[in-house]
Amino acid sequence: AECSVDIQGNDQMQFNTNAITVDKSCKQFTVNLSHPGNLPKNVMGHNWVLSTAADMQGVVTDGMASGLDKDYLKPDDSRVIAHTKLIGSGEKDSVTFDVSKLKEGEQYMSFCTFPGHSALMKGTLTLK
């Protein structure tokens, strides 16, 4: 099974994938995020954040209030299953999480918490 995915977040405010499938035979799953664009993170920063679909809006709202210096994430937010740091042009970050944190049948969303980005930069994550 493929237990990782490479995701790009660009200057057009888009991820290059909006559906991720995690094979339940994977013990851990890794997301490798890169930013191929030209804009710095204070203008067009991207992160990759995972929560349940039900928790997504709260994570985004509280993240915006937390500000750029906190990567637009509420510190130690228990609703966040996994997240990368916020990156800008030419930067990369990865996150690995335990697949045991996911439940079959639950709806998960991955998204960017930079203000205004989650409307476009979001997708599903499914355990199969």
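Even glycines carry a Cβ here, placed using N, Cα and C.
Pulled from Swiss-Prot:
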- His46, Cys112, His117, Met121: Cu cation binding site (BINDING)
- Cys3-Cys26: disulfide bond (DISULFID)
- 1-128: domain 'Plastocyanin-like' (DOMAIN)
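Within 8 A of the CB centroid of the Cu cation site residues His46, Cys112, His117, Met121, the other residues of that chain are Gly9, Met13, Phe15, Gly45, Asn47, Phe111, Thr113, Phe114, Ser118, Leu120. In this structure, the recorded positions Cys26, Cys112, Met121 were compared by how many other Cβ atoms lie within 10 Å of their Cβ, and the smallest count belongs to Cys26.
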